[in-house]
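What TrEMBL records for this protein:
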type	residues	note
ACT_SITE	ASP81	active site
ACT_SITE	ASP271	active site
DISULFID	CYS94-CYS99	disulfide bond
DOMAIN	63-376	domain 'Peptidase A1'
SIGNAL	1-22	signal peptide
Amino acid sequence: MRFLTLFSIFLIASANIFDVQADDGKNLPILSFKRIRIKSNANSRRLKRRNASGLIDVKDFIYIAIVTIGTPPTVFSCQIDTGSSDLWIPDASCVGAGCSNKNTFSSKFSISYGGDGVPWNISYVDQSSASGVTATDTVIVGGFVLKGQQFARATSMNSGFTGQPSDGIIGLAGPQSAVVPGTVTPIQNMKNQGFINTRSFGVWLGKATEGGSGEISFGGADPSHIVGNLTTIPLVRSFDSIGIWVVQLSKIAISGREITLTSANGLAIVDTGTSVILAPSAIADQINTSFGGVFSSQAQAYILPCNAAPPDLTFTFGTATFTVPGADLVIQQQGQCESAIIPGDLGGGLSFLLGDTFLKNNYAYFDMDGSAIGLAQAKR
């Protein structure tokens with residue numbers, strides 16, 4: 001799921017791919033990014049569709065990595081999405097409103113193309129959708145050359161992708177949620193080919209005041225961006241079985257007011273593609289009104305004075321607590337300020353969505369093999 005304002009901020013992978021060393025001595029390629037601001041009127045949410053009630057109108061940042069496919073390589077800008085599992089790009093034959101102004105793939109020009117697979121289609125909670133056929137070819141991502149990598153060639157993209165700066169999407173959820181059962185995802189292929197020891201990746205997001213840089217490390221966490229040690233939080237079993245990054249929140253607190261949560265109202269998806277924090281309407285109201293937020297039905301958000309100084313907001317998982325500074329709860333855009341805590345109901349048993357507002361303050365390590373997410377205070 002993503003949250004997009006009239007100004008879409010996205011990250012493009014720089015040419016600098018460097019290594020850090022994991023505990024086992026193996027070097028971890030680091031994909032570094034820089035933040036660029038462009039104008040956009042598009043709305044988008046990229047959490048893969050699981051139920052109709054999941055449609056929420058929110059505004060988003062986009063994180064984009066450079067992926068190349070084929071021999072010779074064609075370069076694509078792919079949105080990084082932890083809410084879905086498929087890697088897909090537009091095909092040269094793509095038709096539909098969403099195909100315009102995209103880089104496209106032509107299999108006839110790739111000498112490493114492995115042939116077509118089976119019909120493929122995907123839809124997201126904002127009703128954007130794409131369809132086409134699966135395929136295999138050489139894919140390069142994060143410095144890894146992945147031979148025989150499965151991906152999809154989109155021959156149709158609807159208007160939900162119109163105006164988006166990305167060409168396609170690279171999904172980083174578990175393979176269980178892939179459109180075609182048995183799909184070997186890029187991270188699985190990295191492990192299969194011996195590039196990494198574990199199907200995992202770490203995410204660090206820099207704040208705008210720091211230049212808005214960011215990085216993804218494949219195969220392990222980057223200790224240079226972690227304060228102390230990672231706290232391991234197990235994935236909720238019912239969602240882990242379908243490859244979704246869902247954890248149990250125990251409580252949240254602001255201004256000394258604690259809200260205790262249970263499995264009925266505390267399930268949270270951790271999502272690199274969403275800029276804000278989504279919370280159930282009643283809880284979002286408790287948080288926002290505590291520092292003067294007033295709900296706007298037009299904006300579908302809480303409006304704040306731009307000089308508002310909210311207190312810190314804390315999130316507790318078991319016995320471990322992680323903080324979002326109050327200064328990061330205020331988003332300024334187009335002459336007014338809004339709260340980064342957005343009301344909405346995700347459906348499907350999910351209550352919270354922890355996006356960039358949370359992740360730019362807390363480093364996240366997504367571990368498929370360990371069925372867990374590791375969290376730590378991000379080192380600034």
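Glycine too: its Cβ is placed from the backbone N, Cα and C atoms.
TrEMBL labels come from automatic prediction, so no person has curated them.
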C-beta crowding around ASP271 (active site), within 10 angstroms
28
Which whole-number value in Å describes the distance between the Cα atoms of ASP81 (active site) and ASP271 (active site)?
8
